[in-house]
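So that you can see what the record holds, here are the features copied from TrEMBL:
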- 1-366: domain 'SAM-dependent MTase RsmB/NOP-type' (DOMAIN)
- CYS116, ALA117, ALA118, PRO119, GLY120, SER121, LYS122, ASP151, ASP207: S-adenosyl-L-methionine binding site (BINDING)
- CYS260: active site, nucleophile (ACT_SITE)
- 571-614: region 'Disordered' (REGION)
- 581-591: compositional bias 'Basic and acidic residues' (COMPBIAS)
- 599-610: compositional bias 'Basic and acidic residues' (COMPBIAS)
Amino acid sequence: MMRAFRTPLPLTFRINMSGKYRESVRRKLTHVLFPKIQAEVSTMAPPRALRWYPHDLAYQLDIPKDALKKSEHMQALHKFMVQANEVGAITRQEAVSMIPPLLLDVKPQHRVLDMCAAPGSKTFQLLEMLHARAEERDEGSLPTGVVVANDASLQRANLLTHQTKRSNSPALIVTNHQAQKFPPLYPKSGEGDATREPYRFDRILADVPCSGDGTLRKSPDLWKKWSPASGVDLHTLQLDIASHAARLLKVGGRLVYSTCSLNPLEDEAVVAALLRRAKGALRLVDVSGELEGLKRKPGMYAWEVGDAFGWHEHPDGGGRRQRNVAATMWPPGSSEARELNLERCVRIMPHLDDTGGFFIVAIDKVGELPEEMEAAADPEAAGSKDGKKWNESNRVAPVIAVENAALVESMRAQYGLDDAKAGISAGLMTRRAGEQDKATPKRLYFVSGGARKLLDAAADGGSGLQVVAAGVKAFERQAAEGAACDYRVTQEGLDALLPHLEKQVVRAAPREIEAILCRQQGQPPSKEAADADLLRPEDAPEGCWEKDTLAAMKNVTPGCVILVTRVHTPTSGASDGNDGNDDKGADADAKKSKKDKKDKKDAKRDKREGGSWSGVACSEDLAVACWYGHGDKGKSLSVLASKAEGSHLLYQLRESMTKK
């Protein structure tokens, strides 16, 4: 173990499991970049998928992270990873850090709390799970659940916001509270039970502050700082956080407690004390059959208690000791330890599978907590500090709803948004600070129904949340002459809004969108695109030459226009519903009915957005937000995405165009 701790960590990352283009990212890595690296560095072990991570979406390269810039193909991999990370397609993350979210078993309807969330890689993973499983149920649907990502440090909460905004999720709320004082949230007046029981969470992740001795491979400076006193200093805080998590959890819910420490005072001692307090209301989950291939050690039954002054045999023994040594640090008797099933805790050791050190345990809430444990909740958790609202104390502007019927109507008129289906009027939010004109704020954020419930609750009964961020930026104020709405759709908001847009959407040929993205990247278009663009009419915007695209462009007004690749070729004939499967009975009928509905929807869309066409087909939908304007040089279409986003979109488009 000590020999392993003295070696650097390998490079690990994972592909976004809910990303629309996850398979193309995987193909780029496994078919292009990895083989070139292996040919270049013949002594390096082949890049491999982590065998225990679902769908082979996490990878390990046996090189330190600083080696990525040392050769041509390494630099190509590094450039791709930086761009893919920036747009949320992949996440650089230590392998052991990926385990806790997987053991939570998040479903799309779950209300999830990440109590100590910064820097945000686990939160991002939770959001992926929330969205991926929602899409499994209904393609393009939003999850009804929500992920609340909390951190005690405002600075770290801002970092958390930066990391998680790549998810483009309307089901995210970022908050700033001490985890052990996270406030209870009550339903809005008139909703729920008359007793107004607080909202409880279905899943809670408590990756608590710890001494970090399991991270010695990543942070070698800890060798000089480590002390037995570190675990003693943090034990009480860790137990307070775990206890409060149990209060916030609903019966039938699951809590995952984890640390990046191997010190039993921060691990099994906290778990044993928590179970004793709960008196049977909490039960450790046997996860030995989950994450097949993960090498692990069971939890410990016995350990010794030591601090800066030495080892101590008994809680009430004599001798000099630190003031914060607590009786809960000592192990239970051997028979009680077995009754508590402490062996169900998971210990990840660095020498078992070339990882860092980590501790994880999954805990199910099987009954109500004892009254004395509920009553022990911190009275300051009601959301105030020194007589002031937490928001006022920390000068973070509150998130407020945009209740403007005229604004929503203008969006319906401009973009054909069906408010009944999209929930725009209920989901638009903004921040009060920095918005001089409250009626027309500069940015509008869209939150899901599950997130809106908690945001409404946050403003009720004095139990206010310190909200740092919420939802996805969906609209920005940018007026265009002749447009019915003063707001444009953002690129990051398209995932949530595109299924509900009936106007200002144009189906364009992949080569046309490629040419427009190339112009943004400063790259020359393909010869085919360049030749075709020479033949476009004078009144057509640069990058549009297909007859059907030009016809569709006449149906949009200046301002924000969404270009979407044509996926289908209606001229090849309508489907007869037989896709080659031999399914019989109700399942086959259900599949055929769903396919028929999709075919009708596609035909209607193609007729509205550009009709049939011939040329290079694209295997997947790809949407690009553009600004359609008219300048001295004529009409133009400019990409409304960052250069990094544009680069990734261009790669995805080209990769998709090459698939047969």
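Including glycine, each Cβ sits where the backbone N, Cα and C put it.
Unlike curated entries, TrEMBL annotations are predicted automatically.
Cα of ASP207 (S-adenosyl-L-methionine binding site) to Cα of the residue listed as 'active site, nucleophile': a distance of 8 Å. Those residues of the chain, other than CYS116, ALA117, ALA118, PRO119, GLY120, SER121, LYS122, ASP151, ASP207, with a C-beta within 8 angstroms of the mean position of the S-adenosyl-L-methionine site C-beta atoms are ASP114, THR123, ALA149, ARG156, LEU160. Looking just at the domain 'SAM-dependent MTase RsmB/NOP-type' (1-366), the mean pLDDT is 91.
When Cβ atoms from all protein chains are considered, those within 10 Å of CYS116 (S-adenosyl-L-methionine binding site) total 22, not counting its own. Shown in sequence order, ASP151, SER153, ARG156, ALA157, LEU159, LEU160 are the residues of the chain, 6+ apart in sequence, with a C-beta less than 8 angstroms from the C-beta of ALA118 (S-adenosyl-L-methionine binding site).
Residue pair CYS116 (S-adenosyl-L-methionine binding site) / CYS260 (active site, nucleophile) shows a Cα separation of 13 Å. A Cα-Cα distance of 15 Å separates the residue listed as 'active site, nucleophile' from GLY120 (S-adenosyl-L-methionine binding site).
Close to LYS122 (S-adenosyl-L-methionine binding site) in the fold, though at least 6 residues off in sequence, lie SER97, PRO100, PRO101, ASP114, LEU205, ASP207, each with a CB less than 8 Å from its CB.
Within its own chain, GLY120 (S-adenosyl-L-methionine binding site) has ALA149, LEU159, LEU160, HIS162, GLN163, THR164 as residues 6 or more apart in sequence whose C-beta sits under 8 angstroms from its own.
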